[in-house]
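Q: Below is a structure I'd like to ask you about.
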Amino acid sequence: MLCCMRRTKQVEKNDDDQKIEQDGIKPEDKAHKAATKIQASFRGHITRKKLKGEKKDDVQAAEVEANKKDEGPVADGVEKKGEGTTTAEAAPATGSKPDEPGKAGETPSEEKKGEGDAATEQAAPQAPASSEEKAGSAETESATKASTDNSPSSEAEDAPAKEEPKQADVPAAVTAAAATTPAAEDAAAKATAQPPTETGESSQAEENIEAVDETKPKESARQDEGKEEEPEADREHA
């Protein structure tokens with residue numbers, strides 16, 4: 001029995017040894033390799049994340065730099081355009097006209113001198129004109145202020161002047177109304193007292209009556225106006 005047991009154990013060991021020999025790797029080595037693979041994969045994952053973040057930062061920095069580079073040439077182009085326009089405007093102003101075939105060689109210099117003199121003459125009157133405009137504006141402002149300051153006193157002076165003509169008009173209207181009413185009443189009385197004997201007299205009486213009727217509303221209107229103006233004058237006096 002013991003011999004059989006020993007033989008079987010040896011056979012099992014031999015089988016394991018054969019497997020190990022065939023594979024060439026022990027189980028411990030397999031476990032160690034598996035652990036190293038896991039660690040390597042984890043490290044690789046971390047490094048990939050870092051690389052992605054760095055790449056994003058690099059991409060953003062590259063975009064910013066590209067935008068700056070694009071803006072730089074645009075600004076330079078704008079400045080160059082502005083300088084080109086200024087130089088182009090200055091060139092025709094300062095440049096002399098081409099000489100005509102019939103003129104002498106000294107004409108360009110004379111033209112330049114004439115242009116310089118004209119420019120100085122234009123600049124000289126412009127300065128006094130601007131000073132005169134400033135002085136005129138200051139005078140107008142002072143005049144407006146003085147008028148605004150004096151406006152209350154002028155209104156106070158105008159008020160009595162307005163009251164006096166109103167007071168003068170009221171008695172005149174009253175006297176005119178008093179003068180017209182007796183004449184109208186006399187004409188009406190005469191027209192009624194005389195008998196209508198003839199057609200001419202009757203027509204005259206009718207005309208007188210019509211004249212009286214026309215004058216009555218006018219007189220009443222004048223009296224009403226006089227009555228309205230009297231309390232206004234009293235109020236103004238008060």
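Quick reminder: no glycine exception, Cβ is built from N, Cα and C everywhere.
Small disclaimer: the values here were computed from a predicted structure and weren't measured.
Pasting the relevant annotations from Swiss-Prot:
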type	residues	note
REGION	1-238	region 'Disordered'
COMPBIAS	9-32	compositional bias 'Basic and acidic residues'
DOMAIN	31-60	domain 'IQ'
MOD_RES	S41	phosphoserine
COMPBIAS	54-83	compositional bias 'Basic and acidic residues'
COMPBIAS	97-116	compositional bias 'Basic and acidic residues'
MOD_RES	S151	phosphoserine
MOD_RES	S153	phosphoserine
MOD_RES	S154	phosphoserine
MOD_RES	T181	phosphothreonine
MOD_RES	S202	phosphoserine
MOD_RES	S203	phosphoserine
COMPBIAS	213-225	compositional bias 'Basic and acidic residues'
Q: For the domain 'IQ' (31-60), what are the DSSP-based totals of helix, strand and coil residues?
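A: Tallied per class, the domain 'IQ' (31-60) gives 30 helix, 0 strand, 0 coil.
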Q: Provide the number of Cβ atoms within 10 Å of the Cβ of S41 (phosphoserine), excluding the reference atom itself.
A: 10
Q: Let me know the model's mean pLDDT on the domain 'IQ' (31-60).
A: 84
